[in-house]
Amino acid sequence: MTAPKKLFIKTYGCQMNVYDSERMAESLGGQGYVATDTPDDADMILLNTCHIREKAAEKIYSELGRMRPFKEANPDLKIGVAGCVAQAEGAEIMARQPMVDLVVGPQSYHRLPELEAKVRDGQKALDTDFPEEDKFEHLVARPKAKRGPTAFLTVQEGCDKFCAFCVVPYTRGAEVSRPAERVMGEALDLVERGVREITLLGQNVNAYHGHARGLSGLIRDLAKVDGLERIRFTTSHPNDMDDDLIAAHGDCDKLMPYLHLPVQSGSDKILKAMNRKHTAESYVRLIERIRGVRPDLLLSGDFIVGFPGETEADFQATLDLVEAVGYGQAYSFKYSPRPGTPAAERAEVDAGEADERLQRLQALLTRQQKAAQDEMVGREVTVLFEKPGRLRGQMVGKSEYLHAVHVTSDKVGRGDLARVRIVESVRNSLAGEVI
Ligand code: SAH
Ligand code: SF4
Ligand code: F3S
């Protein structure tokens with residue numbers, strides 16, 4: 001037997017890329033690769049990339065630049081680019097950075113074994129197809145080894161919403177759902193391997209239609225699986241929150257009280273220009289309905305400031321919406337024009353102005369996040385413990401609300417669920433005592 005080759009994967013972007021990186025590593029496992037956590041001794045380096053904002057894409061080229069010494073030290077090293085930059089830029093990547101051997105898009109990485117053979121043969125390999133066949137059916141079976149207590153599971157890919165700023169419909173293609181039986185099979189397999197919490201993933205996960213009753217139908221079936229204790233899903237679009245999915249937040253115990261529901265802006269004029277197809281008012285009403293069935297829901301959101309045409313009054317409407325809704329978690333970004341999207345053709349807001357708005361919005365969101373975390377002090381939560389903490393005897397896990405919680409206790413280990421009383425809110429986590 002030959003010595004195993006070493007694979008270093010670096011993942012950027014969203015959770016879907018985290019899931020894809022796992023599947024790519026498994027796929028190359030069949031070609032004799034084992035994962036390594038440093039590029040120093042790797043035989044193959046794969047960057048699984050994100051194209052969502054300009055900075056994200058540019059980061060890849062600087063990262064590739066930093067790979068040069070590794071290639072010089074080891075001429076047999078193969079360098080690959082996967083993910084959304086691969087899809088968006090294709091052969092352009094090899095033109096700009098000739099030491100790249102392999103470019104593979106998010107919908108064609110099940111073909112990695114053949115592509116790897118090609119690069120081992122000294123050729124360049126490029127595959128950015130949106131193939132007819134189902135990628136998931138062609139991926140190697142997932143290994144049976146034990147794994148940690150939480151896992152991502154991609155159930156839906158692509159997006160048909162075409163928000164005017166967004167590259168995802170172009171890099172990930174049209175909306176496709178995996179059949180519920182296949183998702184259930186993968187979930188059962190994960191549970192057998194020690195997983196107790198599954199986060200269902202999709203660019204637009206609540207548009208899932210692989211189950212006759214949509215995403216809530218899938219969640220309700222998953223809730224019947226013994227050993228699976230927690231279910232989450234991300235990312236959702238407000239227009240796809242149907243009645244039963246809202247109801248599930250009230251009556252499905254295993255569905256966690258945390259919802260990421262991006263709104264992007266609080267101004268109807270901007271929402272229209274973004275092609276979001278909802279208003280600020282309809283979003284606020286929707287949140288009220290969900291909180292009606294689950295009052296303790298922790299809400300998370302995404303915001304874009306400085307979208308073309310955004311005035312100070314439009315921005316103020318975003319601040320007003322944030323004040324009205326109250327977020328426990330949030331991600332906010334300065335608008336970044338993406339080639340090929342409709343908004344990229346429009347006149348931009350002054351960059352200094354946009355920076356200043358971003359700071360004001362982030363100050364407000366940070367205040368809300370801190371308040372939501374501080375409010376937990378004195379409360380009892382359930383924590384799924386994932387790993388040892390930084391200090392001796394410490395264990396760290398997540399509450400229902402996705403807050404990081406640490407305890408010092410020898411009563412809990414990895415994969416345990418325990419009731420914990422929160423005693424202190426520190427910078428990025430909560431300190432608790434096992435009850
Ligand atoms: N499918 C998800 C996530 C899309 S990308 C959704 O619809 O919510 C994650 C976030 O990145 C978006 O919600 C948006 O806030 C931000 N984003 C996307 N394109 C962007 C752009 N061109 N400039 C700045 N932020 C952007
Ligand atoms: Fe992008 Fe909009 Fe689709 Fe989300 S819903 S992935 S922001 S186009
Ligand atoms: Fe980025 Fe692609 Fe995800 S652009 S956010 S990695 S879908």
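FYI, residue positions are counted from 1 along the chain as it appears here.
Glycine is no exception: its Cβ is also placed from the backbone N, Cα and C atoms.
TrEMBL: automatically predicted annotations, no manual curation.
Range 344-371 is the one annotated as coiled coil, of 36-63, 344-371, 372-399 (source: TrEMBL). Within the set of binding-site residues CYS14, CYS159, CYS163, CYS166, CYS14 have a CB atom less than 6 Å from some atom of ligand 3. On the backbone, the CA of CYS84 ([4Fe-4S] cluster 1 binding site) and the CA of CYS159 ([4Fe-4S] cluster 2 binding site) stand 13 Å apart. Neighbours of CYS84 ([4Fe-4S] cluster 1 binding site), defined as other CB atoms within 10 A of its CB across all chains, total 27. Among the binding-site residues listed here, namely CYS159, CYS163, CYS166, CYS166 has its C-alpha nearest to that of CYS50 ([4Fe-4S] cluster 1 binding site). The [4Fe-4S] cluster 2 site is set by CYS159, CYS163, CYS166; from the centre of their CB atoms, other residues of the chain with a CB within 8 Å are LYS161, PHE162, PHE165, VAL167, VAL168, PRO169, GLN203. Cα of CYS14 ([4Fe-4S] cluster 1 binding site) to Cα of CYS159 ([4Fe-4S] cluster 2 binding site): a distance of 14 Å.
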